[in-house]
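Below you'll find the structure, written out as structure tokens, and then a few comments.
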Amino acid sequence: MATQENSVSQAEASQTKQNTPDPCIVVIFGASGDLTKRKLLPALYHLEQQNLLPEKFAVVGVARRDLSKTFAPDMKDGIVKGGGVDQGEAKLGKFMERVHYFATEFDNDEGYEGLKKYLADLDGKLGTGGRRLFYLAVAPEFFADITQRIAKHGMAKGEGDAWVRFIIEKPFGTDLASAKKLNDDIHAVLEEDQIFRIDHYLGKEVVQNIPIFRFANSIFEPLWNSNYIDHIQITGAESIGIEGRGPFYEGAGALRDVLQNHVMEVLSFVAMEPPTSFESAAVRIEKLKVWKAIRPVPIEDTARGQYGPGKVDGQDVIGYRQEDRVNPESQQVTYAAMKLSIDNLRWAGVPFYIRAGKRLASRVTEVVVVFKQPLRNIFGQGELEPNVLTLRIQPDDGISVQFGNKVPGPTTTIDQVAMTFNYAQKFGKSYASGYERLLLDAMLGDGTLFAEGAGVEATWTLMTPILEAWEGQIKDFPNYAAGSWGPKEADELLQRDGREWRVS
Ligand SMILES: NC(=O)C1=CN([C@@H]2O[C@H](COP(=O)(O)OP(=O)(O)OC[C@H]3O[C@@H](n4cnc5c(N)ncnc54)[C@H](OP(=O)(O)O)[C@@H]3O)[C@@H](O)[C@H]2O)C=CC1
Ligand SMILES: O=C1O[C@H](COP(=O)(O)O)[C@@H](O)[C@H](O)[C@H]1O
């Protein structure tokens, strides 16, 4: 007979997967860049702190400048500045010994031959067995070329059962045609199961928790449909501007930068049917079904904006057109919103309102589920307030449920109260950026939290006609002040349905 202790450990084992990867080398292209320093090296170090890296392991940074002497100290500095060095410098020192650097231009074939030899030598010294995780932390125009050159130099396939995987950064394409071309170019040399298209929102705890919240509990899912839900809002609001990324943002804008990827990924977890298991293939099928069920969006169901000068957190800030390396007559959007309808039985008649923008009043990323009112108000005090469930992704990540409650006293007065769960209060402060989980999953070969080729094309199928329609219509920009909640058209989008945007 199983003891209680035994049965708990069996249950725990069934809820967690293998969590230490095979010996391998993580090869980061774009190693002198911002992403590597601020996110990737700190994330790998956090994995080391939790003993989640294999014993036989190395990181090799690749970029054009000769940084062999300064790379490791520079990265160490990034890790220390990012916080979370709670096991002292000794652990960090040990981690930095595993960090190496190799300089080459991305289009230099000799460089790839040199890199191949460098990695093989490390395999020989460390016993990493030829397993590679290539991370393309580079500008999107390099994604296909670097992948193809790695393949040309015989590094895209491992010998025997040694795996070789690629993490490709975002943005994955700028419209449907470019996303398809990128998929084709990469598929010419890699199998789909080698490709990990990263969206760091899928590494955020609350986003990962959406399927758990829905499918590992029995009290929410029965209500998760058009019988009980009035509408759903997803907000990706940032108070920061474009942070010096003028040239990038001029080519991107809010729809390409955040709505097409981060917000659509979140939406798919909120709206999907229960997958048959939480394995990559099963989850991807359900996510794809959601995106494909979204009705083409009429242009009247969209709103866009660009911020002008204003005040954020009491400080004067410039408008988008005054930002460094931005066209003073730019038509680029720094705010995008739309109403989506999902054509399936679960969501018939339940609009999903989504929005993302820069220089808004505050930084809030959240999903707000607004429930229908009871069919009859037996308390006779006018309209009851709806129940609202908020999945707060950041900051102050947590979950809260708002409901009507009797105000203590001799009369029957109803007021809104909330039950709130806060991650930091329960689990303590976390330094995890989301990249920890995603890097670990890629080393373990688990693509559940990564985008798939067909999924990326499905979201671009939806978004490309909107971009084209917007590009054909000049707007009178700027149309919202920095520090506000965006353009009035976005408010009107909900007002005409008798609703309003909510932030918790
Ligand atoms: N930074 C962030 O927070 C985020 C970034 N991303 C994505 O990650 C990717 C990288 O972004 P980020 O780190 O900000 O970019 P950076 O511009 O900071 O870094 C680019 C890197 O590529 C190297 N590089 C550029 N051209 C060449 C070349 N011809 N040969 C060799 N090396 C070259 C640069 O080397 P050198 O230093 O010598 O110029 C640098 O290491 C992008 O796709 C971005 O969209 C996604 C989410 C967030
Ligand atoms: O990918 C991107 O995301 C960030 C927002 O990420 P967050 O983790 O800080 O919420 C956004 O600022 C940036 O423009 C975009 O490229």
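The first residue you see is number 1, and the count goes up from there.
In case you wondered, yes, glycine gets a Cβ from its N, Cα and C as well.
Bear in mind that the values here come from a model prediction, so they are computed numbers and not experimental data.
Substrate binding, as stated in TrEMBL, involves His200, Lys204, Glu238, Asp257; the candidate among Lys116, Lys117, Lys339, Lys358 given for that site is Lys358. What TrEMBL records for the NADP(+) site is Gly30, Ala31, Ser32, Gly33, Asp34, Leu35, Thr36, Lys37, Glu105, Phe106, Lys170, and among Arg64, Arg132, Arg214, Arg245 the residue it adds there is Arg64. Cα-Cα distance from Arg64 (NADP(+) binding site) to Lys204 (substrate binding site): 31 Å (rounded to the nearest whole number). Taking only the Cα positions, the spacing between Thr36 (NADP(+) binding site) and His262 (active site, proton acceptor) is 20 angstrom.
Reduced to three states, the DSSP call for Asp34 (NADP(+) binding site) is helix. With a CB cut-off of under 6 A applied against ligand 1, the binding-site residues Gly30, Ser32, Arg64, Phe106, Glu238, Asp257 are reduced to Gly30, Ser32, Arg64, Phe106. When the C-alpha distances from Gly30 (NADP(+) binding site) to the recorded positions Lys204, Glu238, Asp257, His262, Lys358 are tabulated, the minimum falls on Asp257. In space, Asp34 is the closest of the binding-site residues Ser32, Asp34, Phe106 to Asp257 (substrate binding site), judged by Cα positions.
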